Amino acid sequence: MFKTHKIEIEWAGRPLTLETGKIARQADGAVIATYGETIVLATVVSAKNPKPDQDFFPLTVNYQEKFYAVGRIPGGYLKRESRPTESETLISRLIDRPIRPLFADGYKNDTQVIVSVIQYDLENNPDILAMIASSAALTLSGVPFMGPIAGARVGYCNKQYILNPHIDEMPESKLDLVVAGTESAVLMVESEAQELPEDIMLGAVMFGHKGFQPVLDAIIKLAEVAAKDPRDFIPEDLSDLETAMLEMVEQDIRKAYTITDKQERSTAIDVLKTEIINKFMSETEENCKFSADQIATVFKQLQAKIVRSNILDTKKRIDGRDLSTVRPIQSEVGILPRTHGSALFTRGETQAIVVATLGTGEDEQYVDSLTGMYKETFLLHYNFPPFSVGETGRLGSPGRREIGHGKLAWRAIHPMLPTKESFPYTIRAVSEITESNGSSSMATVCGTSLALMDAGVPLVRPIAGIAMGLIKEGERFAILSDILGDEDHLGDMDFKVAGTNNGITALQMDIKIDGITEEIMKIALEQARDGRIHILNEMAKALTSARDELSEFSPRIEVMNIAVDKIRDVIGSGGKVIREIVEQTGAKINIEDNGTIKIASADAKTIEAAKRWIHSIVDEPEVGGIYQGTVVKTAEFGAFVNFFGSRDGLVHISQLTTERVTKTTNVVKEGDKVWVKLMGFDERGKVRLSMKIVDQQTGKEITGDNSIKAEKEKYADTKNNPENKRLRKKKEE
């Protein structure tokens, strides 16, 4: 019934299996991939024909994690998987980026790649396996895909690279790098690093590229026995149109690209494009061989050729800069004084307002993943409204691009954050892109660094980012620092590097062509370092380190630690005690399983009140210590006082005052607030307290020759204390 084909190899010490022919047989391509005991299913379906007037390649990659893969039922009301999580969106992009450039130029059939994690062993991360399975399914499908590609994860620990480290090895690694590519070229890199130097990062890329070569061989072997016949696809030949158009508009395009202002340049290009389309389309129907989409496509190709050749020939950029110059930078902090921290970062025509907000444990984000529920304490949200590029558009939940750019900036900042022990706040940074002409994600990195320092977050060091580009024709190439939007679209590489003066914290690379050598990447990294240092120096004109004090509008958090067996005493039955503390003091209190308690409030007195209350519950009173308490019961022989939390002790009638007392209620009544000294314990272990040697107004011990006289005065104070008078009156009512 099934005609299956299976390839198995040993890869990084674990078995990798690729199998096809048994599941999802109606898809154009389907592969079950197994690594260790993690299993994913990848399917590919591509429409037989493009939609009418389709002017782009509609590729969709959907990565989804099934909770049954780890034997769990999803949380929430519906109890089923729903919209993609942030992690699923990021992995979908991770797969999309290296495969998209390898489809044949001009192929516009609707194509969908769906990858499902159907078993997860909690050791082997499924993202790399999903990428490999997608590549294998595409290679088998018959669509014009010039692959295969493969990917690998690289760690760095004890000065050694690790290929595909286990999940439990990652906390010790100084590097989390994913690299993907073909047999001869690197196409994509995504990474987070602990301030590693450029040579270590480049070495990791090449180590990963070498490491996934056996996987490429396995996919090719599977394709040799299981691939479908290639689809008939002949790219459009528009060379005649290109020749004719070049003669007509070359000089006009060159002239338009001498305009340095983005909006003016875009307007000039749009006018020229409209004119050329109208000119070709104005011919009689029988003489016009080309559609408006074809004319627009060739016009875009001509733009790229002219701009690229001009940069290679003159070493000058669209805006007149040389290859390595960074656009003018202006940095400001504290622009929104009632927020916890804020910054405005402007680089040329790219601008970001970044606002930092500090929160408590209640503000941590709960994330439900295949590995279980965890809490995220650093949030970075990137918003790209349409007005930032002078356009109209929808507003709503963030798209894949916004999520991806935000995560890149998150990776750049994350390694430089203080530890939770030294700075126990939840941190949220929001980047509002107000202008964009290239590298808004790196503007977000710079703005976030400044905003966090303005908020008083003690970053290890400031972080900056820069986007690099590449123009390559044959053996000639030019590496561009701080690329414009047009240079990004028309170039061969988008290469983003973020880090500190000491090293790289994040690296993202997308390469559109083969032939990017190790030497080119090395030059690009060195040029990026120079640009990054320049940007850090410019940022330092606004702020060089975290402010000494938090904003007056920020919450204050103090941390205390208690014994684990005391947690239930602080919480109380059904949360009664902790609710009372919160209600009475106004503080926010978060208790962790290890006994760490975080107390938050904008008012220092509130925090101190909550701390005293908790100490009174968990600490043991000391003999000789003086404590404030409440009279809870009176008797002929004395008064029972509740002190130091839930503890009760007896003040014998002889210890109420130095005067002879015939009736306890002549001195105190139930509800009175009194100061007592712990004298010790009787033979039965009962607490013995004394009031007569404590000043009932100040709570200090009475000493010296005037103690008897003072005590007589304080006896009256105890009866006439305004608080006790109020409590008595309330009781009588």
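Placement of Cβ uses the backbone N, Cα and C atoms for every residue, glycine included.
Over in Swiss-Prot, the protein carries these features:
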{"type": "BINDING", "residues": "Asp488, Asp494", "note": "Mg(2+) binding site"}
{"type": "DOMAIN", "residues": "555-614", "note": "domain 'KH'"}
{"type": "DOMAIN", "residues": "624-692", "note": "domain 'S1 motif'"}
{"type": "REGION", "residues": "704-733", "note": "region 'Disordered'"}
{"type": "COMPBIAS", "residues": "708-733", "note": "compositional bias 'Basic and acidic residues'"}
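Residues near Asp488 (Mg(2+) binding site) in space but far in sequence (CB under 8 A, at least 6 apart, same chain), listed by position: Gly438, Ser439, Ala467, Gly469, Asp494. Across the domain 'S1 motif' (624-692), DSSP assigns 6 helix, 35 strand, 28 coil.
Using a 10 Å Cβ-Cβ cutoff, Asp494 (Mg(2+) binding site) registers 21 neighbours. If you take every residue in the domain 'S1 motif' (624-692) and average the pLDDT, you get 88.
Here the domain 'KH' (555-614) has, by DSSP, the following mix of helix, strand and coil residues: 32 helix, 16 strand, 12 coil.
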